[in-house]
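Notes to accompany the following structure.
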Amino acid sequence: MSAKKETLGKTIGVVVAVCLVCSIIVSGAAVGLRDLQQTNVAIDKQSNIVEAAGLSELAAGDIAGTFDKYIEEKFVNLETGQYVEKPTKDYDMYKAAKMPEYTVKVTGSNVGFQQRASIASVYIVKNDAGEVTRLILPVHGSGLWDLMYGFLAIDSDGNTVRELIYYQQKETPGLGGEVLNPKWKAKWDGKKLYNDGEVAIQVKKGDNANNPYAVDALSGATLTSNGVQNTLSYWVGENGYGPYLKNQTWKS
């Protein structure tokens with residue numbers, strides 16, 4: 001009996017040891033995978049910002065180097081339109097929207113969310129001479145199925161659109177998903193956000209090639225098109241980046 005007990009004890013010991021080793025391996029792999037995912041998210045974000053900056057060809061694959069050389073992240077108090085210090089080391093305007101110290105309620109808008117952060121990121125693009133060439137504004141708002149997240153790139157005049165790039169959306173392929181279609185994205189280049197100081201940009205049906213304040217709505221995707229309209233109306237309006245663009249803070 002003692003021999004059997006000893007054998008059983010050894011067997012259990014081996015099983016426990018194997019389980020411990022496996023758990024350590026799995027835990028290590030999970031941490032490594034999480035770090036890899038975070039790195040990929042950061043690279044994807046930088047890649048979209050570099051595209052919005054009009055620097056993709058210049059980057060020639062060196063996304064991080066191009067970002068560091070030509071693009072600077074700043075932080076804006078949306079109420080005043082003025083720059084502020086980065087609130088925390090890992091500040092994220094979307095996560096901050098859920099934090100009591102930064103939350104601002106959203107009212108009177110169909111943008112698709114009920115609260116936003118009081119402090120937002122902006123990305124300043126400069127050329128080799130140190131001159132501001134573009135401003136890149138993070139924007140988000142409702143689509144048909146979920147919120148859509150993107151970057152609005154405008155000239156240093158604070159009015160002329162260069163790019164509208166959506167990097168996260170769940171719209172129907174071939175319909176609302178056409179927000180990713182290069183042909184539709186190209187229609188934004190040169191459009192104007194404001195007319196006599198008022199938000200004028202529209203997403204509407206029809207041929208708007210010669211209308212400086214309008215972009216063609218997506219065919220068969222009315223709700224997605226309305227979502228893009230509501231997103232821009234909010235974010236370039238007085239409750240979004242409006243004060244910042246009006247003050248032209250980047251020139252001070």
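Glycine residues also receive a Cβ, built from the backbone N, Cα and C atoms like all the rest.
According to TrEMBL:
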- 143-239: domain 'FMN-binding' (DOMAIN)
- THR222: FMN phosphoryl threonine (MOD_RES)
- 12-33: transmembrane segment (TRANSMEM)
The residue listed as 'FMN phosphoryl threonine' falls, by DSSP collapsed to helix, strand or coil, into helix
Return the average pLDDT for the domain 'FMN-binding' (143-239) as a whole number. 97
For the domain 'FMN-binding' (143-239), DSSP counts of helix, strand and coil? 24 helix, 29 strand, 44 coil
